[in-house]
């Protein structure tokens with residue numbers, strides 16, 4: 001499912017009307033019917049409803065909705081936020097008057113209603129809200145009455161995750177044909193409540209050039225083992241990292257890689273820390289490399305000498321941030337000619353190095369898996385700007401540096417060297433625990449060892465999020481640990497592969 005910006009939705013609306021030939025009033029009718037059905041679904045006990053309408057098409061949707069409500073036995077009042085309407089909204093108001101519904105002459109007591117419908121501003125609005133309408137929105141929010149927003153909560157921008165003030169805080173948002181960025185990116189998404197997407201007969205192919213997609217289970221291409229397979233055919237991965245105080249990170253990655261289907265998992269760690277790993281790893285093997293409390297740059301040649309044993313390399317988990325670490329990461333970017341994933345301190349060391357030419361010049365694009373703080377170091381953008389615009393900034397970085405990116409957070413963005421982006425919006429706050437990123441790094445390294453990279457990232461991110469939800473259901477949001485996510489991977493696989 002495509003995720004659109006305001007100008008893209010406007011263009012598609014116009015093409016639907018002018019080129020396809022579906023009249024705007026038909027689209028409005030379909031939209032209002034969709035909102036009506038969702039009100040009946042989510043608010044079955046609401047009988048006394050107020051529609052607050054703006055003067056444009058969003059207001060027109062609200063006025064058409066008022067007609068459907070009235071004709072189906074609801075008690076409906078309409079209040080015009082600007083005291084006037086235009087275009088198709090004016091047509092809808094004239095219809096209402098002919099069936100006996102007149103707009104209220106003064107602002108009502110919002111608390112008297114069972115439900116308020118926000119139809120003030122649509123996707124074309126640019127914040128902030130000013131004047132009397134700003135006060136109106138504040139009063140609606142303060143009423144404690146459930147709110148349904150049409151298309152987007154009034155006061156938000158469709159194109160960003162920023163939560164502008166004032167803006168309506170909806171319990172349900174019903175949008176049309178395609179979701180918008182504000183429906184998913186935080187903190188704006190918290191203003192949207194539950195989001196429902198209604199088909200209003202706009203042809204889907206009109207959005208074919210949009211490079212933003214919502215990642216859903218139906219988009220996945222699960223890997224299937226051949227009946228005559230063997231362990232090395234299922235991917236031999238090398239995970240490099242670990243330092244004093246952070247040995248657990250790469251261990252968690254290794255165990256996750258095994259659970260994610262890697263045929264063989266080897267952990268490359270500083271030689272003096274090997275006894276720790278030998279005591280904690282059973283199914284996975286350890287590879288002692290040059291280094292005492294952390295890896296030495298001499299480990300690069302040791303890794304490259306063994307490159308034929310491995311199909312993919314993951315580096316950075318618990319690695320530490322230091323000058324020699326920069327040399328390790330850059331050298332492997334330049335010399336490792338197979339799939340490579342860079343996580344955690346591997347990313348920090350790359351950011352500290354500051355020159356991403358080795359990233360751009362790779363024949364096989366690298367995979368970077370930063371959280372927003374690490375991505376801030378890579379890009380120079382502050383974390384707030386990234387949070388509000390993470391899809392755009394991820395796409396920009398991947399295209400510019402010819403790499404894959406998995407930008408981790410409450411919403412996870414996968415971006416590709418050709419500028420595509422996939423948004424995973426079905427995770428859980430239970431994953432906000434140390435180590436879950438290391439688990440994801442292990443899952444993804446296992447999958448890129450034997451799958452097309454783009455498909456591997458989509459599958460891995462979805463698996464990780466689903467495993468988090470499985471663990472949360474078995475335990476509790478507060479009690480989930482990173483290792484619980486790993487142990488929940490079998491159930492996540494079953495849900496994707498069987499169901």
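Cβ coordinates come from backbone N, Cα and C, glycine included.
Site annotation (Swiss-Prot): K(+) is bound by 118, 154, and the candidate from 57, 58, 72 recorded at this site is 58.
For the region 'NADPHX 1' (57-61), the residues of the chain that approach it from at least six positions outside its boundaries are 24, 28, 31-32, 35, 80-81, 85, 87-89, 91-92, 119-122, 150-151, 154, judged by C-beta separation under 8 angstroms. According to its DSSP assignment, residue 154 (K(+) binding site) is coil. Within 8 Å of the centroid defined by the CB atoms of 58, 118, 154, the record's K(+) site, lie the Cβ atoms of 52, 54, 59, 62, 119, 120, 121, 122, 149, 150, 151, 152, 153, 168, excluding the listed residues themselves. Beyond the ends of the region 'NADPHX 1' (122-128), by six or more residues, the same chain brings 6, 9-10, 54, 56-58, 61, 134, 150-152, 154-158, 164-167, 180 to within a C-beta distance below 8 angstroms of the stretch.
Long-range Cβ proximity for residue 154 (K(+) binding site), meaning a same-chain Cβ under 8 A and a gap of 6 or more residues, is found for 54, 58, 118, 120, 121, 125, 129, 137, 167, 168. Geometry remark: residue 433 (ADP binding site) versus residue 318 ((6S)-NADPHX 2 binding site), CA distance 15 Å.
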